[in-house]
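What follows is one structure encoded as structure tokens, with my remarks underneath.
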Amino acid sequence: MTESTEISEQKQIFGHPQGLFYLFFAELWERFSFYGMRALLTLYMIDVIFQALAERDYATAAVYSSYGSLVYASTVIGGKVSDKILGMRNSIFLGGILMSIGHFVLAIEDNMAFFLALSLIIVGNGFFKPNISTFVGTLYEKGDPKKDSGFTIFYMGINIGGWVAPLLCGWLAATYGWHYGFGLAGIGMLTGLIVFWSGIRKNVFGDRGLPPTEEVLDKKVLGIKQGVLVPILAVLAAPLIALLLSSYQAIATEGMFADQNIVNVIFTGIGIAVLAYLAYEMFKANVKERKELFVAVLLTFFMTIFWGFHELSGSVITLFAARNIDLEGIMSAAQTNSLNSMFIIIMAIPISLMWTWLSKKNWNPRTPYKFGLGLLFAGISFYVLAISGGSANENGLVPFAYLLLMYFLLSVGELFMSPVGLSKMTDLAPLRLIAFIMGVWFLSSAFAFQIVGFIGKQLAIESTDKNVGGFETLSVYTDGFMLIAKYALGAGILVLLASPIIKRLMGKVH
Ligand code: GLN
């Protein structure tokens, strides 16, 4: 068999190219490492990195938000470098190796190692995440109706990793120590790389994912081959980002908590630049394209609001679970991070069957309605947490059932928006702008972490008490959740009201 074997000649599994299953398991393990580590991140910063500070919640919110913003923003660069130079396979290897090193560096007990590790994960994810997602698409011929279900299977892989990892890493961290939890995340990432490598060895990807041309890796820039220069620059970027992230430590130790957050400034700049570029493209485009681009931007904006509340799960909601939920004997606060993925696994297939069933009856709601409903689900989910305070026991702890119901509703909302939006982006973007629009779509998660940081800072509790919680913190969180619920419900209602107009702008795109 040669490298250029066509996918259609390859063995199929359940009607899908067998390459899908290698990508499925590689991404499963990568997300295992990502979410296993994320489950520990906030609690680790509160209990270890910033433990001596009364403002530790504030500093943690700031680092968490910068980490999240950069981890998703780096995907735009990783996608571009892959298109132009490395190709998807090399990018996935480079990203996976950097992420594994990052996770193992996290296993070292040192504050500076901690920031360096986060930076390696940021750079690594930038190369890994966008390219493995695009790789899935390339396994199918254009217009193949199996592509959507291929992506659904892939989304399941993501969430199997996101479900199991917090349970295992959370258990290891609680039983043996934080660094065992982080170490397991690293082993997960290495497993993912081995799966991907074995897929290449078995030639299941045909000629997909190779660099754009044979010479491009050897082309010299500044006297160094590009194929060598990119990994060098990627590795060099990590300490720079680490300095940026660790500036919070300096800020924290000097007790300066003014909003001097350089990452916020960078993101405001990126936001303005992206909008200006889009305005320019819309100006150049014809009327149909202009309308479609406008809708793509609107949907991305709604998605940003949704992720801004959803991504609180790794920060404020983890802290709420640690301080105000009666977890007795069920799971630890870190392990509650698995609930979102658990409900996605349970609900993904029923909801996609529901869309098919509604389509047959001609009742399948158009995309903007689904987005409006998704935001309403988010609003109701936060409302559930907001009213949970009324059922607090004498220690200020609320029943676990509230958290369970909240995650169920939030996950249903996610399924109304995230997979639907992803496929609409490819329909709405003019061909010449598809890669850019996908980058903008990923930026919605990056910007969402700015919202997460803002809310995390508003709900920061000032205390050095390791066991702070109960009635001391309950109303801070529930009042905050009520406000979030109102904003999400308000946004959902506005989107539903605007849907008839957005629907018209979308033309034939459903
Ligand atoms: N849970 C999904 C993933 O990990 C989406 C996360 C996001 O874009 N914020 O891929």
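Don't overthink the numbers, they just go from 1 along the chain as shown.
Just so you know, glycine gets a Cβ as well, placed from its N, Cα and C.
Annotations in TrEMBL come from automatic prediction, not curation.
Remember, it's a predicted structure, so these values are computed and weren't measured experimentally.
Under the heading domain 'Major facilitator superfamily (MFS) profile', TrEMBL lists 19-503. If you look up TrEMBL, you'll see 32-52, 58-79, 114-140, 152-174, 180-200, 228-250, 262-280, 292-310, 341-359, 400-422, 434-456, 476-498 (among others) marked as transmembrane segment.
Ranking 58-79, 180-200, 341-359 by CB pairs under 8 A with the transmembrane segment (114-140) puts 58-79 at the top. Pairs of Cβ atoms less than 8 Å apart link the transmembrane segment (341-359) most often to 152-174, out of 58-79, 152-174, 228-250, 262-280, 434-456. Within its own chain, the transmembrane segment (58-79) has Cβ neighbours under 8 Å at 41-42, 45-46, 49-50, 91, 95, 118, 121-123, 125-131, 134, 241, 244-245, 248-249, 251-252, 257, 261, 263, 267, 270, 311, 314-316, 435, 438-439, 442-443, 445-450, 452-457, 460, 462, counting only residues six or more beyond its boundaries. In the predicted model, the domain 'Major facilitator superfamily (MFS) profile' (19-503) has a mean pLDDT of 91. Away from its own ends, the transmembrane segment (434-456) comes close to residues 57-58, 60-62, 64-73, 75-76, 79-80, 83, 129-130, 134, 261, 264, 267, 270-271, 274, 278, 293, 296-297, 300-301, 303-312, 315-316, 421-422, 425-426, 428, 480, 484 of its chain (Cβ-Cβ under 8 Å, at least six residues beyond either end).
Remote same-chain residues near the transmembrane segment (476-498) are listed as 302, 305-306, 309, 312, 316, 319-320, 323-324, 368-369, 371-380, 382-383, 385-389, 455, 458-459, 461 (criterion: CB distance under 8 Å, separation of at least six residues from the stretch ends).
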